[in-house]
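Colleague: A single structure is presented below for examination.
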Amino acid sequence: MFALGLPFLALLVASVESHLGVLGPKNVSQKDAEFERTYVDEVNSELVNIYTFNHTVTRNRTEGVRVSVNVLNKQKGAPLLFVVRQKEAVVSFQVPLILRGMFQRKYLYQKVERTLCQPPTKNESEVQFFYVDVSTLSPINTTYQLRVSRMDDFVLRTGEQFSFNTTAAQPQYFKYEFPEGVDSVIVKVTSNKAFPCSVISIQDVLCPVYDLDNNVAFIGMYQTMTKKAAITVQRKDFPSNSFYVVVVVKTEDQACGGSLPFYPFIEDEPVDQGHRQKTLSVLVSRAVTSEAYVGGMLFCLGIFLSFYLLTVLLACWENWRQRKKSLLVAVDRACPESGHPRVLADSFPGSSPYEGYNYGSFENGSGSTGSTDGLVGSAGPGDLSYNYQDHSLDPVGTRPRLDSMSSVEEDDYDTLADIDSDKNVIRTKQYLCVADLARKDKRVLRKKYQIYFWNIATIAVFYALPVVQLVITYQTVVNVTGNQDICYYNFLCAHPLGNLSAFNNILSNLGYILLGLLFLLIILQREINHNRALLRNDLYALECGIPKHFGLFYAMGTALMMEGLLSACYHVCPNYTNFQFDTSFMYMIAGLCMLKLYQKRHPDINASAYSAYACLAIVIFFSVLGVVRPRPALLTRRKGAHVCTHPPSTPAGESPAPSLKCPPSLAGLERLSQRKGGPGEQLSPHPCLRWPQQVFGKGNTAFWVIFSVIHIIATLLLSTQLYYMGRWKLDSGICRRILHVLYTDCIRQCSGPLYVDRMVLLVMGNIINWSLAAYGLIMRPNDFASYLLAIGICNLLLYFAFYIIMKLRSGERIKLIPLLCIICTSVVWGFALFFFFQGLSTWQKTPAESREHNRDCILLDFFDDHDIWHFLSSIAMFGSFLVLLTLDDDLDTVQRDKIYVF
């Protein structure tokens, strides 16, 4: 049996030898090589060249080694394979080097340079050998150049800037070792040119080093770059106390917001990249120390806790002043009818007399519709004036209603038993006073407005929990993947703490929470004092001043605290998908402030919490619809060919690249999308298969038309509601009634508006809102959420200015504390907006373009411009709330039937 098997064994051996002779090279040329010498040799399928290098490696000195290869023959077919064999690593690459880009097209590079990974040595000095093998399967001779050189500047030094050139096929990386006592550094890379797009990566000192466009994102931290990049590196993340700074130029610029170059589409045809070289500078500097973290936190706490101290001091001073005043009044005289001390009007702040003024008209001298017999006697209209101090407070049960300015004339209406309770009669009077709109049971109104607080507290809990969970997931993804393009930080001033990448941006939001809590405490104290006054039947609390309802104030304070929490969540990982977290409660604050202003003079007819929050929910819904993905790929058809275009983003001074042609048929796109990549190739989805990613927002005409129409219709409906004080109906007969009013008031006789002041406010409001709607429809801003917020703020400012003007026209005055609050708040808002518009980052651009706006810290080497915006805006919002709280304190001693409604 064994003898019979020998011929078969001999045949098998001969077959293997013949195959080896065909597939493998016949000659191997091995030579000792030297550094800094250029070798020009040839290689073919029959020949393998092996170069032997040796160099001395010391433990305390790291020296870089760089291999440069240039293939002189430009031919298609089998490339040259270069294999560098080291003691602990093997690096291989082919020349021409082919890298993949968009559309799976190939970019060909004839000249390649690679830096060899240097494994550390445990000995003081050691001679290490490495070998460079050159081979090919091409049957013809291929000429190449090989040069191995030492890198004298391979190790970066702290505080020393180093410049270098790099291309996609000639990546560079350098080593940095943490000095003693340094726990954190920031790596800054800059360039004078925005393009070509590049990638900065921080990797541990391990072999192999991933330094090509198709693998640089495999490990470590990385971010794309145009002109600026910065990565904060902490010693605790690198056990070897050292790391590599890897710089790679990308094959295409689309990731950095650039346009794609034109090329004729031929499947599997390599494209010559041309000259895509970039000059960069790298600087490693020390990051902030732990003392800076402590100083930043103490500074933040000190600023906002000082407001608590100031509030306590003011409260003590006010309490002392009131006690002193009460004691003097009690000694002066007491009221015999009610047993309460009768306070002289001039001893109260805000008791200055009203001068002659007739509400509801811009003309002077027109008489009031209310009865004035008990106030002005036989004085003529031109002499109409009265002082609050001339009208003492009568007991609540004995004072007649018809003795006030807000009473209804018998000549105008029939004398009916229910005339005082008929809201159609009351609300349609030409001149209204607060008493006319404060007729409902106070307990009912208190419960109605308390719902604002409980509703927003419930909304806050259900809104905040998923937000916190989502941003934690975002931060985890950033930490695990190392992809720093996910979040739009100011990387030049982003101080990490624990798992958080930008702790300073989160800490600066503490002011919203602390000042919101302080505002709630102030409201609580005011409510306690008011309730005590009601319990002792204080006539001023019962019948004077603006009706005290605190539910909306509680809701405003809660909204301010939630704004701080959600803004902190947004800044955990700021990007376009979670920007709504930062703005949702801003809409709430703007809406609640307008409602509070309106409630002051219209307590009976203010909107309910359910309808108010429903309207705010619609606003937030539109803000979510307006979220736009930047630079979506657009698939269009042009003369039978599909063209894939991207919104242009060309630097100043450079001509834009032409559009990129796609395959002539969708079948070609399908084939391309189903194509498999070879070993080591990283394939990305074909962009022409990506239909527009935006559903709404910029570029969607239908969305902007619908939103503008809804905006204008909502403005008109709200204007009608405010003008007629809710006494109108939206039903099938609305059109007929509108035509009737137009005919009777405009065609048959031209009569002016009945409520002139109200009409002026609503006309101005409609002009502003129609202008904003036209601006949005024409310009279609990218940041739709901020556009919505601008609408709310403009309307709030308009209404607040109208309120101040009408308050002064009504003869009322502004006390010292609210006046100081208005002045200081306006100044703080001005400075806050200055820092807000500095624009340290923007998610409307690509991450690389956003980093061009990054700036260094400007406060305590810990806070940047946006942090200062957080500080100032929280103080300004708190001051704005105090203005709303104290604005009408001058009316606390004025009867409600003498306080005008506007």
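Quick reminder: no glycine exception, Cβ is built from N, Cα and C everywhere.
These figures come from a predicted structure and were not determined experimentally.
Checked TrEMBL, it gives:
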{"type": "SIGNAL", "residues": "1-18", "note": "signal peptide"}
{"type": "TRANSMEM", "residues": "292-317", "note": "transmembrane segment"}
{"type": "TRANSMEM", "residues": "452-472", "note": "transmembrane segment"}
{"type": "TRANSMEM", "residues": "506-524", "note": "transmembrane segment"}
{"type": "TRANSMEM", "residues": "552-573", "note": "transmembrane segment"}
{"type": "TRANSMEM", "residues": "610-628", "note": "transmembrane segment"}
{"type": "TRANSMEM", "residues": "702-724", "note": "transmembrane segment"}
{"type": "TRANSMEM", "residues": "784-805", "note": "transmembrane segment"}
{"type": "TRANSMEM", "residues": "817-837", "note": "transmembrane segment"}
{"type": "TRANSMEM", "residues": "868-887", "note": "transmembrane segment"}
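Please situate the listed features within the shown structure.
Modeller: Beyond the ends of the transmembrane segment (292-317), by six or more residues, the same chain brings 495, 497, 503-504, 507-508, 510-511, 514-515, 518, 521-522, 525, 860-863, 871, 874-875, 878 to within a C-beta distance below 8 angstroms of the stretch.
For the transmembrane segment (452-472), same-chain residues at least 6 beyond its ends with a Cβ under 8 Å from one of its own Cβ atoms are 551-552, 554-555, 558-559, 562, 565-566, 569-570, 572-573, 578, 581, 584, 588, 592, 609-610, 612-613.
Distant neighbours of the transmembrane segment (506-524): 296-297, 300-301, 303-305, 307-308, 311, 500, 550, 553-554, 556-565, 567-568, 571-572, 863, 866-868, 870-871, 874-875, 877-878, 881-882, 885; these residues of the same chain sit at least 6 beyond its ends, with a Cβ under 8 Å from one of its Cβ atoms.
Remote same-chain residues near the transmembrane segment (610-628) are listed as 451-452, 455-456, 459, 576-577, 579-580, 583-584, 587-588, 591-592, 595, 694-699, 703, 707, 782, 784-785, 787-788, 792 (criterion: CB distance under 8 Å, separation of at least six residues from the stretch ends).
Non-local neighbours of the transmembrane segment (702-724) in the same chain are 428, 622, 625-626, 696, 730, 755, 758-759, 761-762, 765-766, 769-770, 772-774, 776-777, 780, 791; each lies 6+ residues outside the stretch with a CB under 8 Å from one of its CB atoms.
Tertiary proximity for the transmembrane segment (817-837) is limited to same-chain residues at least six positions away from its ends with a CB under 8 Å from its CB atoms, namely 865-866, 868-869, 872-873, 875-876, 879-880, 882-883, 886-887, 889.
Under 8 Å from some Cβ of the transmembrane segment (868-887) lie the Cβ atoms of residues 300, 303-304, 307, 505, 508-509, 511-512, 515-516, 518-519, 522-523, 526, 553, 556-557, 560, 563-564, 567, 589, 593, 596-597, 600, 803, 807, 814-815, 817-818, 821-822, 824-825, 828-829, 831-832, 835-836, 858-859, all in the same chain and six or more residues away from its ends.
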